[in-house]
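One structure is given below, encoded as structure tokens.
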Amino acid sequence: MALCPFCKPPSGPVKIARVQILLGCFLLFLIIYFLNAYKISGTFKSLEKEKLRIVKDVTGIKAAEPQTPLVTPWGAPLVWGDIHKSSWRRDKLMEKGIHIGLLVLVVGTYAQFVHRFLTSAETYFLPDQIVTYYILTDNPRSLDPAIELGPERQIQVIPVAEVPGWDRLYHRRMALVADVIRNKVRSEIEYIFCADVDQVFVGPVGEEILGDLVATLHPELFEMPRSSFPYEATEESSAFVEENEGDYYYTSELCGGSVSEVYKLAQTCSLLILQDSANKVTARGLEESYLNRYLIDHRPTRVLSPEYSWWDSALAAHVPHQRLISIGRQCEAYDMQKREQHKC
């Protein structure tokens, strides 16, 4: 006889029912466990996908950021043609109907470049604005045959005396520019740009270049150390630059701005050149030396990247796009064989 009849172990149908309940609970536990594991796994996968998406977005943003400086040490814009700010400026000014002058000196053998220069300018130079080409020349026939111009674009020929030789030309160009602005174009246009005629436009040059005083970075000296800049080192010269002066070295291939500011630049540089000429001093960079001296004392309000003055050489900076190429400086970079090949 059992000591505790009420504690008798179950048998028969009761025992079977208890086993079934235990098995059912165990199976339910397994189902809940695997469902939770699947849910957690899905959550991790979603998080991983989100993480990858964020990484891709950040990578895309970093790739889109320009790896070039966009502002000068004094806060002026450093202009690259395809950045957002340039696009925004073009859109803002495109409908304004701004009258701009493009001035070139065409004397002596430089007449051979004028047709190519003007034809390319018609395609790429501020095509949506009113443009007057001021051609200072000792040979008006160099413009024959006439170049077909777009609407609201015209050529004005301004006769000048022949200036043989580059050494004599550099003595007179700034003075000629100042005279033309003072006596003729001051009341006709809002902005004026001075360019060497032995260049060709190969890409769009739009409203992003417009500013009060605009200078262009020298492509062979862009991002080079200050010690490599060929500033004038002769203390007797009016173009002399101290060792602690200067942020950039600018090319004389293209500069401009508002009519009043360009007049000040041309007038000041012409006086400095005359002063050195009277003292029998010649700056190493000729006209470019005086331009750089002026731009140290009067910092530009807009600085154009080397896209706007470029030529192929071992020293030339890499640029995203080429917009204005100097044929003359390109020829200087060639060896004798290439010069003959390209008829430099």
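Placement of Cβ uses the backbone N, Cα and C atoms for every residue, glycine included.
Listed features, source TrEMBL:
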type: TRANSMEM; residues: 16-35; note: transmembrane segment
type: TRANSMEM; residues: 98-118; note: transmembrane segment
type: BINDING; residues: TYR110, ASP196, VAL197, ASP198; note: UDP-N-acetyl-alpha-D-galactosamine binding site
type: BINDING; residues: ASP196, ASP198; note: Mn(2+) binding site
type: ACT_SITE; residues: GLU288; note: active site, nucleophile
Key: In the chain carrying ASP198 (UDP-N-acetyl-alpha-D-galactosamine binding site), residues 6 or more apart in sequence that have Cβ under 8 angstroms from it   = TYR110, PHE113, PHE117, SER326, ILE327, GLY328
Ask   = the transmembrane segment (98-118): which same-chain residues, six or more beyond its ends, come within Cβ distance under 8 Å?
value = 125-126, 129-139, 142-143, 147, 155, 160, 162-165, 169, 173, 176-177, 180, 185, 188-201, 207, 210, 259, 327
Ask   = Inside 8 A of the center formed by the CB atoms of TYR110, ASP196, VAL197, ASP198, which other residues of the chain have their CB, for the recorded UDP-N-acetyl-alpha-D-galactosamine site?
value = VAL104, LEU105, VAL106, PHE113, VAL114, PHE117, ALA195, GLN199, ILE327, GLY328
Key: Tertiary neighbours of GLU288 (active site, nucleophile) (same chain, Cβ under 8 Å, six or more apart)   = TYR250, THR251, SER252
Task = Identify, in sequence order, the residues in the chain of VAL197 (UDP-N-acetyl-alpha-D-galactosamine binding site) that are 6 or more apart from it along the sequence and have a CB within less than 8 Å of its CB; answer 'none' if there are none.
result = VAL104, LEU105, VAL106, TYR110, PHE113, VAL114, PHE117
Ask   = Near ASP196 (UDP-N-acetyl-alpha-D-galactosamine binding site), how many other Cβ atoms are within 10 Å of its Cβ?
value = 21
Ask   = Max Cα distance spanning TYR110, ASP196, VAL197, ASP198 (UDP-N-acetyl-alpha-D-galactosamine binders), Å?
value = 9
